[in-house]
Amino acid sequence: MAEPAIRLANASAAYGGRAVLDGIDLVVHPGERVAVMGRSGAGKSTLIGLIQAQIPERVALVPQAAALVRTLSVFHNVYMGRLDRNRTSHNLRTLVWPARADLDAVRAVLARVGLADRLRDRAGALSGGQQQRVSVARALYNGRPVLLADEPVSALDRVQGGLVLTELARTHETLVMALHDVSLALSHASRIVVVEAGRIALDAPSAGLDAAALRRYFVDEEAFA
Amino acid sequence: MRLHVLPGILPAPRWPRPGYAAVSRWFAILGLAALLAADLHVTSLHPWSDLERLLGGLVRPDFLAVEGASILYTVAFAVLGVGLGAGAGFLLAIPYARFRAVRIACAFLRAVHELFWALLLMQVFGLSATTGILAIALPYAGICAKVYAEIIEEADLSALRVLPAGSDPVSAFAYARLPEVLASIRAYTFYRLECGMRSTLVLGFIGLPTIGFYLESAFRQGRYGEAGALMLVFYALIGTRRLWVRGWTLPLLVLGAILALPPMVGSTDVGASLARFLGHDIVPAPLRHASLLAPDTWLETWAALWAWFRPILTGQILPGTLQTLVLAQVALVATAIGALVLFPLTARHFAGPVARPFGRVLLVTVRSTPEYMLAYVALQLLGPSMLPAILALSIHNAGIIGYLMGRHADGLTYRPDAPRGLNLYAYETVPRLYGQFLAYLLYRWEIILRESAIFGILGVATLGFYVDAAIAELRLDVAAVLILATALVAIAVDAASRALRRSLRIADLPVRLASTDTPRSSAPVTA
């Protein structure tokens, strides 16, 4: 079998002395699409942060908040996904006078999330859902093999969310995504990992799971749905 | 080391944390004590008739007497001085948070008032454009470095964390940090340009050919029509700042300023005078001819140095510091009272639709007038005592704080059945604004102190009085020591103010004046 894309062995994390994750063992192979699920505060974001800290140079990240530079254009925000692969002089020039090739490449990526016409808009002027898709486009443009995404479609409806997850799976070899929508997770992930109270409570292929089996992990949140 | 604290038996702090009321009470008590110690005599025989003639000059200004070049020089010095200072400040802001040495250097740069810088620089560069520009650029570099560093620290960093690993630091800064802070930095710098014009005006009082120079001679010779015209021109310059200071006019302003600079006056051999200044003039007299390399003479040199320093300390630094602190304390308390009285003039709930515009114009005019000029005018009217200085400082600063408080007051939302008038003021508005009010006051404390020291040049016996005398006697070594002492007092007051703000938990409230220029739609007031 090929070298795993991600390997966490007995990993733990704590904030201010309080353990958030404890004794996590997780091996993800190239090509797997993992949905990380669990109640809010269970440690999903921390788990994604742990993976990112381990292999930063192989990761494209979609953070929980869109984390855009609101005063820059949509183009520049997406372009930032490849800041490390261009020379400083080219980056500084692009800030003022972007090259046609870069504009075309970014426009093509934006088309995949349905935002090609917003290329020159200020990122801060977009709606929450649009900002989230710009954040996804930035990761697509980055193109690194492991995609780490923290609720990448939380501000989108289920249909749009599904389309965005499909695009992510087309570009990135391995996906680890924190998701809260059970049916999106079951239809787009090959494997479900449920985090509960800082430990992995369930780790199974999604093929053998159904919505009811997963729901019992979030009973209290369903009450608010 | 870990402290295990059981709930319920938390160790009591050694001193109770002072509250708003306690701090206010102590400042008021100290202010009263200082008032008793202050010299408040009115020595002028006809203060009211002089005031009448002065106001007459404002009503009947003589615009034909205004020297056009002075307006040009005022703008040119301000643009180049602030430009240079802001540029240097930006470069210093990047290592500011990481290096203590940079922070100390900046604290020193801004603790010395631009007038003191000018008095020192004049010894090297003469009465020249270089003196005017550097006198503004040096302290402004220190101020801008601090404020820019704060803006950069406060900025949203989430985009920076998402950058792909291995992005070079320059690109990362240009993409993920700079765009976030650029708007704030620009607003602050433009505001600083306004301050720079006030500083330039004040530099005219010591001989640079700005509006201040002509204003001073007009006042001295009783040409009130010309003085009134100059003041109105200056208000117009400040009032229209937003029309002519914009992103696209900046290159034109800088180019025009360089072309408009006055010709060099005074010493032309800068290298030689700089060497003489640093190597001889500001070196304490006993050290000038001492052989510092021979250890057997050290004791003798020390004795001589102490004999030189002791009279300066007991005869000038200590009494000057005391008078400076007394003036600053009275002015601070008077500012506080003035601001509390004035702010309702500009607040929607207190001033009617007729009174409010007048209130605003009044406070904006007052805050545009440099306190040094106010003090100068008050001194002409009332004669030399601490009273003119107190009036000038408290009027100017109460105008600034009152204006900002009025904007905060408009940002408050009241319950529908809230009381009205004085009850609203006393039970809702002031209590809810009080933390912000104290934050502004404590922030202005250091500024008031720096100005108090400077007013010595006008004849009040604060530290500036001794500095001015030392420079007049060409004892630059004494002047340097006195300026250093002034800077240390300012730094100490700044530290005390910061400690108090932190202890009152008002350290994070806005105190930067520039952001009021860019009101945001969502946040009611960010000052």
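Sequential numbering from 1, following the chain as shown.
Note: Cβ is positioned from N, Cα and C throughout, glycine not excepted.
What TrEMBL says about this protein:
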TRANSMEM  B:20-38  transmembrane segment
TRANSMEM  B:71-94  transmembrane segment
TRANSMEM  B:115-138  transmembrane segment
TRANSMEM  B:196-215  transmembrane segment
TRANSMEM  B:250-278  transmembrane segment
TRANSMEM  B:321-346  transmembrane segment
TRANSMEM  B:453-472  transmembrane segment
TRANSMEM  B:478-496  transmembrane segment
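Stretch with the largest number of CB pairs closer than 8 A to the transmembrane segment (B:250-278), among B:115-138, B:321-346, B:478-496: B:115-138.
Fewer than three CB pairs closer than 8 A are found between the transmembrane segment (B:478-496) and the transmembrane segment (B:20-38), and contact between the two stretches is not assigned (pairs 6 or more residues apart). Segment contact holds for the transmembrane segment (B:196-215) and the transmembrane segment (B:115-138), given three or more CB pairs below 8 angstroms at sequence separation of 6 or more. Remote same-chain residues near the transmembrane segment (B:321-346) are listed as 24, 27-28, 30-32, 34-35, 37-38, 355-356, 358-360, 362-363, 386, 389-390, 393-395, 397-399, 401-403, 405-407, 409, 425, 429-430, 437, 440-441, 444-445, 448-449, 452-453, 455-456, 460-463, 485-486, 489, 493 (criterion: CB distance under 8 Å, separation of at least six residues from the stretch ends). Among residues of the same chain six or more beyond the transmembrane segment (B:115-138), those with a C-beta under 8 A of the stretch's C-beta atoms are 77-78, 80-82, 84-85, 88, 109, 196, 199-200, 202-203, 206-208, 210, 261-262, 264-268, 270, 273-274, 277, 281-282, 372, 454, 457, 464, 467-468, 471, 476, 479-480, 483, 486.
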